[in-house]
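What TrEMBL records for 6-28, 40-58, 78-96, 153-171, 183-208, 220-240, 252-269, 281-301 is transmembrane segment.
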Amino acid sequence: MFSSGFQSVVAMSLVMGAVSYGVGLVPLSAPLSKRRMSMLFNLGTGFLIGTALGVIIPEGVEGAVAADQERDSYAFKVAIYTLLGFAFMFLVEEYVSPHAQPSTPHSSISQTEEVTFDVNLEELERHEDMLPDSPDPMGSSRRRPHTSSFQRAYPLSLGLVVHALVDGYALGVAASGSHPSNLSLIVFLAIIVHKAPTALALTTSLLANSLPVAQCKRHLLFFSLATPVSSVLSYAFYAFSENRNDWSGGPLLFSGGTFLYVATVLQPVSDSTPESISKPGRTVLLMVGMFFPLLVSQLVGHSH
């Protein structure tokens, strides 16, 4: 009734949703280890870079070349689709994510930086007057109107839900490609490693906004469901399209551009957290993350 590719996408989507929701619940019940979060963050950043440059974009180039016999248009196709993906995430970051809002005057004060995820927790705390330079952060949070916390929480959740939808799009496109089992596995691993710290950041940020636990779980649920739903829908659109060959390569290059933006702009590799992890340790994690997707893709590819 259903193809094996569709069943694989559904299975991976269910796992992603469960892992994302489960990890996001951790801040509601247990203290977080900053060192472990930093390690996961750096490994995830390397995964995103390696998946984009070593797997998704090369696969997209191969698909674009196979679908178009006009050699003069190869370079333009690769460039335009990759740039569109990069530009799309830039627009999301500028107009949807919460830190697109202007900073308050005291936001330029030098502070010890926290681990940076898709949402910069330090920047969010500055907007919320939750940093140590505020006289009474707990008291000020109690004095905030209940509706104000909702106004701050929804843009935060919306921005991350859009990111999650793009992640699902990348997985669905990968599963519908010419080497679905090979490519989708790499993208799946990259998304899992990427979504875990993002889910932690989302829940922690919502708690910083004094949102009730029940509301935090609801926001987390929407975030966790976004990637599975998007992956299934994008797979169905491309895999069952009558003009499937006409789309070959382009969607993969687009998703590769989105991965590059998340890895190099939202999660800059130059950011350091000396108190959490040493520079050599961070370098090793990044390098392992960068080359692991390529290694796995070669091993999986040779096994078929």
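One-based numbering along the chain as shown.
Placement of Cβ uses the backbone N, Cα and C atoms for every residue, glycine included.
In TrEMBL, annotation is done automatically, which means it is predicted and not curated.
Pairs of Cβ atoms less than 8 Å apart link the transmembrane segment (40-58) most often to 183-208, out of 78-96, 153-171, 183-208. The stretch in 6-28, 153-171, 220-240, 281-301 that contributes the largest number of Cβ pairs under 8 Å to the transmembrane segment (183-208) is 6-28. Tertiary neighbourhood of the transmembrane segment (220-240): same-chain residues 3, 5-6, 9-10, 12-14, 16-18, 20-21, 24-25, 157, 160-161, 164-169, 171-173, 175-176, 191, 195, 199, 202-203, 206, 247, 251, selected by CB-CB distance under 8 Å and a gap of 6+ residues from either end. Here the transmembrane segment (153-171) has long-range neighbours at 9, 12-13, 16, 20, 56, 88-89, 92-93, 96-98, 101, 118-119, 124, 184, 187-188, 191, 194-195, 198, 202, 205-206, 209, 211, 215, 219, 222-224, 226-235, 251, 255, 258-259, 262, meaning same-chain residues at least 6 beyond its ends whose C-beta is under 8 angstroms from one of its own.
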